[in-house]
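Enquirer: Quick one: the structure is below, questions incoming.
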Amino acid sequence: MSVFPKISLRHEVEKYLKEGFVNKEVVSAFGKQEAERKFETLLNRLSHPPSFTTVRVNTHLASVQHVKDLLFDELQKQFNGLNVPILQHPDLQDVLLIPVIGPRKNIKKQHCEAIVGAQCGNAVLRGAHVYVPGIVSASKFMKAGDVISIYSDIKGKCKKGAKEFDGTKVFLGNGISELSRKEIFSGVPELKGIGIRMTEPIYLSPSFDNVLPSYLFLQNLPSAVVAHVLDPQPGEKILDLCAAPGGKTTHIAALMHDQGEVIALDKISKKVEKIKQNALLLGLNSIKAFCFDGTKALKLDMVKDAEGKPPFLPDSFDRILLDAPCSGMGQRPNMACSWTLKEVTSYPPLQRKLFTVEQKQGASRRMPSSSPLAASFLTFPDCSTDSQSNK
């Protein structure tokens, strides 16, 4: 059920995406009218949250049932005794699904309002509270303890610190302010915590802020599928490119029972530190993270590096995960994307460059010749609706 407008895109970006979606093959299969209807349905669904919140159990430290029991107790506290089922995915045994309740249409809008940015609004729809940096404006007399209605500025037109806003805004639900308007816009850089605690969201999802952090990893379902498709085995050497923040990296290590070696690369040092933090938090020792540009990961001089640092010789790995940068426009919910066409189309060339490097890396061990997978293992996930990113 659509309760929000379709994702807000620049005209040239929407046109580009439509041309890729309504292509000859799709038109031949469904007809042009039906193909265009499916595209509009896609744009509408992108602005809404998924039907389930998905978390991955860190099976390296605990059993799925034990974590499921702990999570049940936590959700009882969050939802004041409301019985929300926790489902185990039928095929991915380490994945738990919590149904999202909504849209809830009987929530009364308040006179006191706060406007948040589109990205903050997306997070609220997934169960997050409103943090101070995400608040763009608030009613003139808002004080701590007030019940206020939260709206998302999907067009990005609201000015920071405004006292009212009459532009395009989408109602997200109600919450209780932890701070006054004066405190929120005081300019104090240390104010980064919760500014508004959501009490009546349109879509009711659990908050996973610091919830069982060593046992659970909040991860979208398609992302949780990736490591299972890669199918890493204990004792293997795996390369994970563009690995931050480490969700798939740690999943790979857990599936290997932390036996073997997982090399994680990212070219931004802060992101590499995040990978290391997640590995430490989840108790995984087989992960080695390096700050390195994946496009330069192939060693050309053929001299072996005894320290095991990048770049690497060809055929150095058993399996490779190439989670290349993309527009991320398939992520949900996504109410607004202000990217230009130039930005959206900048990713496929980089993806192809990374893919070429990893083809040369190859896999040193092969499946038996009778196997349909008798070749190198390279998994290429993508969370974009751009057809060029999926060729």
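Glycine residues also receive a Cβ, built from the backbone N, Cα and C atoms like all the rest.
Annotations in TrEMBL come from automatic prediction, not curation.
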Enquirer: Based on TrEMBL, name the residue from Asp209, Asp231, Asp293, Asp301 that is recorded for the same S-adenosyl-L-methionine site as Cys242, Ala243, Ala244, Pro245, Gly246, Gly247, Lys248, Asp266, Asp323.
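Expert: The record-listed residue among the candidates is Asp293.
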Enquirer: On the three-state reduction of DSSP, what should I expect for Cys242 (S-adenosyl-L-methionine binding site)?
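Expert: Its secondary structure by DSSP: coil.
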Enquirer: Count the other Cβ atoms sitting within 10 Å of the Cβ of Cys242 (S-adenosyl-L-methionine binding site), across every protein chain shown.
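Expert: Counting Cβ neighbours of Cys242 (S-adenosyl-L-methionine binding site) within 10 Å gives 22.
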Enquirer: If one measures from the C-alpha of Cys383 (active site, nucleophile) to the C-alpha of Ala244 (S-adenosyl-L-methionine binding site), what distance in angstrom results, rounded to a whole number?
Expert: 15
Enquirer: Given the recorded positions Ala244, Cys383, which one is most crowded in terms of C-beta atoms within 10 angstroms?
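Expert: Highest number of other Cβ atoms within 10 Å: Ala244.
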Enquirer: Where's the emptiest Cβ shell within 10 Å among the binding-site residues Lys248, Asp293?
Expert: Asp293
Enquirer: Taking only same-chain residues 6+ apart in sequence, whose CB is under 8 Å from that of Gly246 (S-adenosyl-L-methionine binding site), what do you get?
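Expert: Gly246 (S-adenosyl-L-methionine binding site) has long-range Cβ partners Ala264, Lys274, Ile275, Lys276, Asn278, Ala279, Ile287, Ala289.
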